[in-house]
Amino acid sequence: MTYALRKLGMLLLTLWAAVTLNFFLPRLMPGSPADAAIAKLSQNGPVSAATRAAIEAQLGVPGGNLLEQYVHYLQQVVTLDFGVSFTFYPEKVSDLVLTALPYTVVLVGIVTVLAFVIGTLIGVLAAWKRGTWMDTLPTLGGSFLSAFPYFWIALLLLFFAGYVGHLFPTSGASSPTAVPEFSLSFIGDLIYHAALPALTILITSLGGWILGMRNAMINTLGDDYVTFAEANGLRGRTVALKYAARNAILPNLTGFGLALGGVVGGSILVEQVYGYPGIGYLLYNAVVNQDYPLMQALFLMITVSVLIANFLVDILYGVLDPRTRR
Amino acid sequence: MTTNTTPGQVDEQPILRVENLTVEYRSEGFEPVAAVKNVSFTLRRGEFIGLVGESGSGKSTLGFALTRLAKPPATIVDGKILFHGSDIRTLDAEELRKQRRGGFAMVLQSGMNALNPVRTIRKHFHDIFRAHGHVEPGSFNARASELVRKVELPETVLDRFPGELSGGMRQRVSIALALSLEPELLVFDEPTTALDVLVQHAVMDTIRQLQASEGFTAILISHDLGIVLESTERVLVMHDGVVVEDGPSHQILDDPQAEYTRMLLSHYADPRAEEIHIPGFSTRGRSADAARAERATTSPRSDARAARRADASIVVEGASKVYAPPRRGEKPVVAVDNVSFTLAPGESLALVGQSGSGKSTIARLVTGAEKPSSGLVRFGDSNLASLRRRELRDLRKNVQMVFQDPYAALNPLHTVEYTLMRPILNFTERRGEAARERMLELLETVGLTPAETFAAKLPHQLSGGQRQRVVIARALASDPQVLVADEPVSMLDVSLRAGVLGLLEDLREQWGVSMLYITHDLLSARLVTDRMMVLNAGRVVESGPTADVLRNPSDEYTIRLLDAVPNPARAREGR
Amino acid sequence: MTSTTTPVRARALRGALRTVGRIASTIWSNPRARIGVVLLAIFILAATFAPWLAPYGASQDGFERSAGGSAAHWLGTTAAGEDVLSQIIWGARVSVFVGFAAGAIATVIAVLIGLSWGYSRGFGGEVVGFIVNLFLVIPGLPLMIVIASYLQNGGIAMIIAVIVVTGWAWGARVLRSQTQTLRSRDFVTAARFAGDSSFRIIFREILPNMTSLITGAFFGAATAAILAEAGLEFLGLGDPTTVSWGTMLFWAQNSNALLTGQWLLLFAPGLCIALLATSLTLINFGVDGISNPRLREGKGR
């Protein structure tokens, strides 16, 4: 229990640090992002004093009182009030973010867990059958796959399965004609559209889990408790799963938390290629249009999501390792 | 002992017959190295034999081969291992697995790491029962309880995780798990080496009792001839992959045939004896003790020593060291509790106790590595607690340390020359050729000749004993007044210990350094110290002249430590 | 010989050479790593001798636009009428350079922070640890995108800087834990007793014992840098006028190579990125074997 509380404290501290980093980032940059943003916004019409204040609180104003801005900024974060986007004028930034968020969370979340489970199982098998083709194939394949750029796989799949093969839609999260409702046909449509992005993330992230688990398990296979379990005549499957793999999954889980950021980053590129309306695609649009308020809000949202996911992994670790319970 | 071991009894088929067994370590790109060479022996049902050898003798490799646990690069290249007449080398994986129950089992050296850290002890038992099906599912728990009681553990350990148990308890659990297989042959590979002295003694007692009550055949692999002779009826002595002697324990004790066995035996003695004979040491009787006390006060031949003899004392007054609790909500750890002593110039003082007694903490206090929580530690006029960085360096010039593990105390990437030049350049005025001469001189002092050859070597090219000599030479380089030696021989093979101890003793006599000798090994303390302090849980329980304390101990803890010393001679009395 | 400094220094040099030789031979003894070394060598050679190897200049245009492969243009031409093969060969320069430069700088930072953080104890260490962990969990690519977006079109130097900012933390963490292990080893205590300064202990006792880990951290950071550079340029966040594999893909997508069916234009640069990154990953297989003998080649069971 103290373990969970300590991790929770750590989460809050890290969240605060991430929010603060987000505050300083635009202020450390050359030029004035706030002025640039207001200038862009004024192309859409007159900018109200309130909007100007909101943007300045978020992006900084030269010579302003930093502490005052910081307090104002924290208020913004807590109330999720990030002003208006000029790319999608007059949509509110917070609305845009909240609309896009579920697409990414569901897509990346499900695929990542799936990739972790499949990759871990293959890694276990590779380590157990070390030196055979069942080891060589996945490790070589895995290291090759993990070196593939996300967007390249996305482009290739899109080209061959989308444009050439016409097997999957080439863009969007649902058919333009589909009516959003809780029905089998609509969910099917969603899955149909998410298939290629999901496959891309799966292919590129699988290699890392395979290699990580294989190496961790080769280590535990050399541990004394595995030798002793063999000396006691336990069945091979028990030794492999309950002794070697069960211990090897702990370091792999730590790696999972740290690699999550990489997967989320990769999904931005994937969403951009597929025009999938998640956080990544939105971020790409914000970046291209230099929509700083939207960009800052998105970056904060991505960071917070990853931190929370990391916290959940930590808690799972605590459940799996009795040594943290003491 | 119920088993009859009369030789010549032929009607009974031997339980194990090893014929011309050769095991090699083979790795790609290297010449194969034979670890076990053409070994043959037989083992009768119910026998308890010892397999003794120093590091690198091949004893563990043999043990792993006998239980078919040898893994690449270790490869059995020749010979037969007949268990009940059939060669276990021909068993396929599943036959071998089934055979683990009621066949041969093994208890590993590192029993503390032999348990799965994420499984409770109970699950360990259940795994075995399930794998072999020899216990009814309904009586899993009852049988597990019975087994842990057999190794003298409370049933509550069943619901603990390995990390919650002490090293001794974990080793007992390992033994209980091996017993749960109901083996006919049980191989113990250094079952107590990683444990504390008193715990070692208790675990060995348990093993002996179990062997008698359960009636399994047992092989005890150990580097310690004392432990083996105490426990077993027959001993195989291994040296360099070859069995050099195979005979009844009493015969090996009274009339060893092999030169090597005689050499091993010569390094054992009862620290309580009036006189002690160890090769390289003169008789250590009362007269010798008196003589060395005298030498300590008269002028030594100081030609080897550049500067002065030790003239400052280390004084410890009412020192305590309290560490923060390891976990929140627990009590602070009192490592050292109100300890006072003086190490006079030229004196040699033993700090004796098992791990956790606070002896290593005292070493850190007198070397300035840590500050006492209360009390005072002085060297000469300076209070160690108030030293600045600069002064700490001056202290290091005078108070040097000899480390326990010669394999860890030398940087594997530096030559002996680099290692020895550092303190010479840092602490003395010698530069250039003069410094190098000094370095070579030090090597000669510690007996590493020709010095030029040794200077160029890297640690991995040296034996354990040679490494420890380099460590000692480094400690001497700054011409210190005090040597703090933390278990300097405990990691060395028995045959090398006397040499290193003799060197320390000579240095003390010739250089006049005082020595704080930290150990759990009472015999070595008897050999190289004048006075002794026995520590238990941070407190001094007994102190006085070494021979007096050992021969007439008054504290119960000292007596227990003395009883735990393996002593081949005592084996004869017990039998 | 009148002074020992020269022979001592010569010996130190020999020691360093021996370490490098040991690492190189262990890497080479691993078949997978050997493939990686050969692959990497091919890319480095291509980058070095690009002016001689490439049939045309990198930005030389005026050829038929969006053509497929032919004898004159093996991999076809871009939408702007440039030779694809020539761009691939010239583009190797950017990827190899960014990979090695960003990898090297990130590794140097990781070594400095990892070693000092691992060697010192106390509150300062806790703070450094918190910052390192923060940089580890904050998603790297989004951070790079945000920074790169503020520094519009900063070119290769900006890309390297952005990659370094997010790429040092992993190495720092690994090196720190190894430093902590080594710090408590007796030979480090012994060096302190021999009067050596902390600085000397860190650089002469601890650092040389971590060469394999540092090598591994370097190759890992270089792999990440190559992929990140390509990703940033693909998003148009680099300087789109430089010819690199990332910008090739950027232009390919912007010129609708997908619709026109010019799959070679998509396939070739991506494959090169993947192969270069793979070569470094493969080399790291060999490096792993140095720092962890259990991972060396051979049948484990």
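Indices start at 1 and increase along the chain as displayed.
Just so you know, glycine gets a Cβ as well, placed from its N, Cα and C.
Whatever TrEMBL says is automated annotation, not expert-curated.
Long-range contacts of the transmembrane segment (A:100-128) within the same chain, counting only residues at least 6 positions beyond its ends with a Cβ under 8 Å from a Cβ of the stretch, are 134-135, 138-139, 142, 173, 194, 197-198, 201-202, 205-218, 221, 240-241, 244-245, 248-249, 252, 256, 260, 263-264, 267, 271, 276-282, 301, 305, 309. Per TrEMBL, the feature transmembrane segment maps to A:100-128 (among others).
Summarising the annotation, TrEMBL assigns domain 'ABC transmembrane type-1' to A:101-313.
Taking Cβ pairs closer than 8 Å, the transmembrane segment (A:140-164) reaches residues 119, 122, 170, 196-197, 199-201, 203-208, 210-211, 214, 266-267, 269-270, 272-274 in its own chain, all 6 or more past its ends. The transmembrane segment annotation in TrEMBL covers A:140-164 (among others).
Marked as transmembrane segment by TrEMBL: A:190-211 (among others).
Summarising the annotation, TrEMBL assigns transmembrane segment to A:253-274 (among others). Note on the transmembrane segment (A:253-274): residues 104, 107-108, 112, 115-116, 149-151, 154-155, 158, 170-171, 196-197, 200-201, 204-205, 208-209, 212, 280-281, 283-284, 302, 305-306, 309-310, 313-314, 316-317, 320 of its chain, located 6 or more positions outside it, place their CB under 8 angstroms from a CB of the stretch.
Beyond the transmembrane segment (A:294-320), the same-chain residues lying 6 or more positions past its ends with a Cβ under 8 Å from any Cβ of the stretch are 3-4, 7-8, 10-11, 14-15, 18-19, 22, 25-26, 58-59, 77, 82, 85, 87-88, 93-94, 96-97, 101, 105, 109, 249-250, 253-254, 256-257, 260-261, 264, 279, 282-283, 285-287. TrEMBL lists A:294-320 (among others) with the feature transmembrane segment.
Panel annotation: around the transmembrane segment (A:190-211), residues 107-108, 110-112, 114-116, 118-120, 122-123, 126, 138-139, 141-148, 150, 153-154, 157-158, 161-162, 168-169, 172-175, 252, 255-256, 259, 262-263, 266-267, 270-271, 274, 276 of the same chain, lying at least six beyond its termini, place a Cβ under 8 Å from a Cβ of the stretch.
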